[in-house]
Amino acid sequence: MTRFTSLALGAAFLSSLTYALPSNTPLNTPRYNNVKNNCGPPPSYGTPHAISRAQAVVDVFKTSWDGYYTYAFPSDELEPVNNTASNSRNGWGASAVDALSTALLMGETETVNQILEHIPTIDWSQTSDEVSLFETTIRYLGGMLSGYDLLSGPLSHLADDPANVDALLAQAINLANNLSYAFETPSGVPWNNLDFATRGNDGSENGLATVGTLILEWVRLADLSGNETYRSLVHKAENYLIAPSPASSEPFPGLLGTNINVTTGLFTDAKGGWVGGSDSFYEYLIKMYIYNPRYELLRDRWIAAADSTIKYLTSHPVSRPDLTFVAAYDGTTLRLRSQHLACFDGGNFILGGQVLGIEKYINYGLALVEGCHDTYTSTATGIGPEQFAWDPTSVPANQSGFFNTSGFYITDPSYDLRPEVIESFYYAYRATSDPKYQDWAWEAFVAINATTRVGSGYSAITNVNAPDGGDFSNFQESFWFAEVLKYSYLIQAPEAEWQVSKYGKNEWVFNTEAHPVRVSH
Ligand SMILES: *[C@@H]1O[C@H](CO)[C@@H](O)[C@H](O)[C@H]1NC(C)=O
Ligand SMILES: *[C@@H]1O[C@H](CO)[C@@H](O)[C@H](O)[C@H]1NC(C)=O
Ligand SMILES: *[C@@H]1O[C@H](CO)[C@@H](O)[C@H](O)[C@H]1NC(C)=O
Ligand SMILES: *[C@@H]1O[C@H](CO)[C@@H](O)[C@H](O)[C@H]1NC(C)=O
Ligand SMILES: *[C@@H]1O[C@H](CO)[C@@H](O)[C@H](O)[C@H]1NC(C)=O
Ligand SMILES: *[C@@H]1O[C@H](CO)[C@@H](O)[C@H](O)[C@H]1NC(C)=O
Ligand SMILES: *[C@@H]1O[C@H](CO)[C@@H](O)[C@H](O)[C@H]1NC(C)=O
């Protein structure tokens, strides 16, 4: 295929992302570690209170799994209102694969083995729908790699048949091999939307998050399988993101536009933020450094993005100056709006601060956690909305009072069983040991349980600010299993090697779908 000149730019950085790892690479050498970790009360996990909460989350997991297993398995999702099945993720059993690591951490042996029996039977080449490289990577590939890491490591006693553990890696390899033609573009920036039947693609641009949220899973697969091609494919793509071009697509140092032409590798806009479409690119910059401290270049890009976020995107609503939100941007113009999806940002700042030993990131992350907590406590259901804004010039008349009290107004009132707010409570708790965050996660969980429970499971709802949640959308997302139930459980659960370390030395790192992956040794 024709190679374009922008490749030269990528090639300069390729060398820094291409290396053979010495086997004795030290883990997460705490280069900047000056954080005082002795503040705050002692952890309250292990108290009877936390144990009973953790068990209540396991009970909800069992209810959700039973509904799915009875009415939808091995389809992708349960439609709980009328007990039917949905296949929004190519029909390979998305909820099952996404539930595996949660079932493992909860010690739900029967469910673990039901899932392990299914995975070897999946034929990745069979699907009638478009395949998303990003969604398939974070849910299926991430789910299987995490299952493999846990079952070939600390949870090996949970598998009835060791052959099913080996099959996790074999199936991850099969899946990656089916997906890998996505990278056969002129630039090496992959297509996202694939047609397996024809080895085709939809010809459209790709995005920052969908390109930038592959590297952890594909590098892990390279390390586990020994096939270096997986690493070189994602390194080549990542190079366009860490040295973005044109310069106008980086309106603030480290903060980028969203859309990328896969022919040229050039960005085509300068819009973005920590919102959907960009979000997990930033998340993975620091997580790759946790995975392997030799990703210093990605760490430095995270620091640049974090510093610019603090300097340029920090926003306090006029009606609630005590709250801190992160604005989105179009060029250097700020857009005073955000999303439930973006509420992972507090947790990511906290994680970065812990790992780098830089307290200002932890404190900033904790402020963002307060803001996202407010989006939950302000509504009639106690659940935060899908989208919200705080632009004082655009407040809808019928939300004026709400805006005055809450500091934001709702621009999309649905709730899709998303995890990000509870995810950030989890990181806040792990960093501070302050039981306030356990309480917040529990209150959110109780509200979600009360509002979204229907029929044989749990469903997305249409209106978080109606006392009953509005209508049920009749859809139980696979990330309900992977993320909401996992973070709600882990924040109350006992200490374990996969829990995020208070001291910034992590043995596991969670992918963006909350699948814990063992860091590189
Ligand atoms: C169940 O609900 C889904 C989605 O709301 C709908 O598409 C489907 O036709 C329904 N099936 C039955 C059998 O009612
Ligand atoms: C795609 O996956 C299937 C198994 O699901 C495997 O038989 C096939 O070889 C894979 N294709 C490639 C190109 O690896
Ligand atoms: C390594 O992965 C690439 C990309 O999927 C694949 O084409 C190649 O066959 C694999 N190599 C081996 C030795 O399996
Ligand atoms: C990407 O860039 C190529 C080469 O400049 C151009 O022909 C193509 O139309 C662009 N693609 C999109 C989707 O804009
Ligand atoms: C506010 O008004 C809009 C437009 O008329 C309407 O769609 C919305 O439901 C109203 N919201 C509330 C909270 O009353
Ligand atoms: C909200 O505050 C603004 C500015 O102080 C005020 O003009 C408006 O009347 C208030 N809205 C309500 C419903 O109290
Ligand atoms: C969840 O809801 C069910 C009823 O739908 C209830 O029995 C259970 O106690 C609730 N759990 C929590 C943690 O609120």
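These residue numbers are counts, starting from 1, taken along the chain as shown.
Here the Cβ of each residue, glycine as well, is placed from N, Cα and C on the backbone.
Caution: TrEMBL annotation is automatic and unverified by curators.
Values in this document were obtained by computation on a predicted structure and should not be read as measured data.
TrEMBL annotations:
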ACT_SITE  E135  active site, proton donor
ACT_SITE  D279  active site
ACT_SITE  E386  active site, proton donor
ACT_SITE  E420  active site
BINDING   T512  Ca(2+) binding site
DISULFID  C343-C372  disulfide bond
SIGNAL    1-20  signal peptide
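When the recorded positions E135, D279, E386, E420, T512 are screened for a Cα within 10 A of the Cα of C372 (disulfide bond), the ones that qualify are E420.
With a 10 A radius on its CB, E135 (active site, proton donor) counts 19 other CB atoms from all the protein chains.
D279 (active site) falls within a helix when secondary structure is assigned with DSSP. E420 (active site) sits 11 Å from D279 (active site), taking the C-alpha atoms as the reference points. According to its DSSP assignment, C343 (disulfide bond) is helical. Of all the active-site residues listed here (D279, E386, E420), it is E386 whose C-beta has the fewest other C-beta atoms within 10 angstroms. Summarising the environment of C372 (disulfide bond), the number of other Cβ atoms within 10 Å of its Cβ, over all protein chains shown, is 28. For the pair T512 (Ca(2+) binding site) and D279 (active site), the C-alpha distance works out to 10 angstrom.
When the alpha carbons of E135 (active site, proton donor) and D279 (active site) are compared, the span between them is 14 angstrom. Counting only the Cα atoms, the space from E386 (active site, proton donor) to C343 (disulfide bond) is about 10 angstrom.
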